[in-house]
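This report refers to the structure that appears directly beneath it.
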Amino acid sequence: MARPKIALIGAGQIGGTLAHLAALKELGDVVLFDIAEGIPEGKALDIAESGPSAKFDARMSGTQSYADIAGADVCIVTAGVARKPGMSRDDLLGINLKVMKSVGEGIAAHAPNAFVICITNPLDAMVWALREFSGLPHEKVCGMAGVLDSARFRHFLADEFDVSMKDVTAFVLGGHGDTMVPLVRYSTVAGIPLPDLVKMGWTTQDKLDAIVQRTRDGGAEIVGLLKTGSAFYAPATSAIEMAESYLKDQKRVLPCAAYVDGAYGLKGFYVGVPTVIGAGGVERVVEISMNKDEQAMFDNSVNAVKGLVAACKGIDDSLS
């Protein structure tokens with residue numbers, strides 16, 4: 001039986017890391033696409049030459065032609081401009097919207113049956129636009145954000161409590177940006193909710209509040225440190241976790257920017273929510289109950305995403 005085919009649209013820092021991780025996990029053969037001649041070919045060859053030492057079997061190739069992604073089982077989209085210090089994800093809207101149009105048309109023409117994961121920022125608006133431009137089924141197009149934001153939240157919590165991050169469960173709702181909603185009440189250490197850990201004296205509410213804010217600022221913190229780019233290891237690892245759940249029908253419960261139509265009181269809208277990802281794509285949106293404060297924060301985040309979607313429609317009339 002043929003190995004799955006994974007198309008990576010964009011061969012920058014995230015794209016190259018995605019290719020390496022996909023190879024190491026032997027998820028399938030990898031095609032790196034980029035408009036920059038030589039970059040995808042060079043990275044593909046470099047990773048392929050690591051195969052004998054890393055002991056993986058996967059074909060790696062690079063291309064500037066969408067025709068070479070034909071029949072891809074998974075497409076992960078990282079193409080676009082990355083943030084620089086002082087920029088918000090929203091500042092990238094106009095430039096990256098044009099990129100999504102080109103990518104969406106390329107996927108529709110050559111890989112219409114693929115499961116598509118978008119990483120390009122501003123994430124929630126870009127995954128919506130990518131779905132519109134591609135015309136693929138909503139359950140086959142989603143955005144990588146919640147897995148990354150939750151991973152950052154879990155890392156900070158594990159550091160605070162000095163425990164294994166394997167025992168920390170946490171997830172984040174809402175848009176991928178300053179308005180994201182890390183849910184303290186639903187986050188646990190070995191099954192113990194964070195509010196109970198405050199009562200037990202393991203931490204303080206002030207420290208938890210600081211961790212929540214650091215989670216919101218997680219991407220900007222790395223942009224500020226790198227100065228010439230944005231995060232790539234953690235975003236790539238998060239997207240691979242989603243792709244693996246799809247390819248292996250693991251049915252993992254993972255937060256991502258998914259199409260919500262009825263749940264959370266939303267109608268036909270992409271935003272970060274817990275989902276089940278399996279062979280059918282986003283097979284289910286998990287609707288949780290929120291208290292008044294959580295709902296207010298989620299509504300604020302949804303409104304921010306709606307503003308970005310409206311801006312996209314203002315830029316490209318075909319989206320209206």
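Numbers here mean position along the shown chain, with the first residue as 1.
Using the three backbone atoms N, Cα and C, a Cβ is placed for every residue, glycine included.
It should be emphasised that the depicted structure is a prediction, and the values quoted were computed from it without experimental measurement.
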Binding-site annotation, Swiss-Prot, NAD(+): partner of G10, A11, G12, Q13, I14, G15, N96, I119, T120, N121 in D29, D34, D90: D34
Fewest other Cβ within 10 angstroms of its own Cβ, chosen from the recorded positions R83, R152, H176: R83
DSSP three-state assignment for R83 (substrate binding site): coil
Cα separation, R152 (substrate binding site) to H176 (active site, proton acceptor) (Å, whole number): 13
DSSP-derived structure type at I14 (NAD(+) binding site), helix or strand or else coil: helix
Taking residues G10, A11, G12, Q13, I14, G15, D34, N96, I119, T120, N121, which bind NAD(+) in the record, the widest Cα spacing (Å, whole number): 17
